[in-house]
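Undergrad: Dumping the structure here so I can ask a few things about it.
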Amino acid sequence: MMSSLCGMPLTYLLTAAVLSLSLTDACFIRNCPKGGKRSLDTGMVTSRECMKCGPGGTGQCVGPSICCGQDFGCHVGTAEAAVCQQENDSSTPCLVKGEACGSRDAGNCVADGICCDSESCAVNDRCRDLDGNAQANRGDLIQLIHKLLKVRDYD
């Protein structure tokens, strides 16, 4: 009589338990995706590039009143950022370009040294333009080598 519980055979209960576990999307502390369990369904939601804004349309909308670009930094609450209000009219979320930064990686590096989320911007060392500094350092190094070659009459 131990093989049945409330009139159902134990094999049916075990089968139902295994089936329900295999059909659920669960994550545990170590294997949850960035953003938590609810972000598992983001593959089904399409995203698009955020609207262009700023001088010459070279920036991107980061929030409803924030427009940022590598060439000009960020405009917050200005006429250049006014076009970003239109992002609120879209039902499809937009994808802000830039490396993750800020508290819990909730923002994006949108300009040299600037990290923004949809509400605010802040200076962040993770967003420094390392490629630009590397180019300047290479130029300085080449000039130094050229001067050394002239001093040694190798030129």
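Here the Cβ of each residue, glycine as well, is placed from N, Cα and C on the backbone.
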Undergrad: Among Cys67, Cys68, find the residue that Swiss-Prot gives as the disulfide bond partner of Cys53.
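TA: According to Swiss-Prot, the disulfide partner of Cys53 among Cys67, Cys68 is Cys67.
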Undergrad: Can you sort out which of Cys32, Cys74, Cys84 is the disulfide partner Swiss-Prot gives for Cys61?
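TA: Checking Swiss-Prot: disulfide partner of Cys61 resolves to Cys84.
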Undergrad: So, in Swiss-Prot, which cysteine from Cys101, Cys121 is disulfide-paired with Cys115?
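TA: As annotated by Swiss-Prot, the paired cysteine is Cys101.
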Undergrad: Candidates are Cys109, Cys116, Cys121. Which one does Swiss-Prot pair with Cys127 through a disulfide bond?
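TA: In Swiss-Prot, Cys127 forms its recorded disulfide with Cys109.
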Undergrad: According to the record in Swiss-Prot, which candidate from Cys94, Cys116, Cys121 pairs with Cys50 in a disulphide?
TA: Cys94
Undergrad: Can you look up which of Cys32, Cys68 is joined to Cys74 by a disulfide in Swiss-Prot?
TA: Cys68
Undergrad: Have a look around Cys61 (disulfide bond) and count the other CB atoms within 10 A of its CB, chains all included.
TA: 24
Undergrad: Does anything in the same chain, at least 6 positions from Cys53 (disulfide bond), have a Cβ under 8 Å from its Cβ, and if so what?
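TA: Within the chain, Cys53 (disulfide bond) has Cβ neighbours under 8 Å at Gly59, Gln60, Cys61, Cys67, Gly69, His75, Glu80, Ala81, Val83, Cys84.
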Undergrad: Taking each of Cys50, Asn88, Cys94, Cys115 in turn, which of these recorded positions have a Cα lying within 10 angstroms of the Cα of Cys121 (disulfide bond)?
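TA: Near Cys121 (disulfide bond) by Cα: Cys115.
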Undergrad: Indicate the candidate from Cys68, Cys121 with the smallest number of other Cβ atoms within 10 Å of its Cβ, considering only these disulfide-bonded residues.
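TA: Among the disulfide-bonded residues Cys68, Cys121, the lowest count of other Cβ atoms within 10 Å belongs to Cys121.
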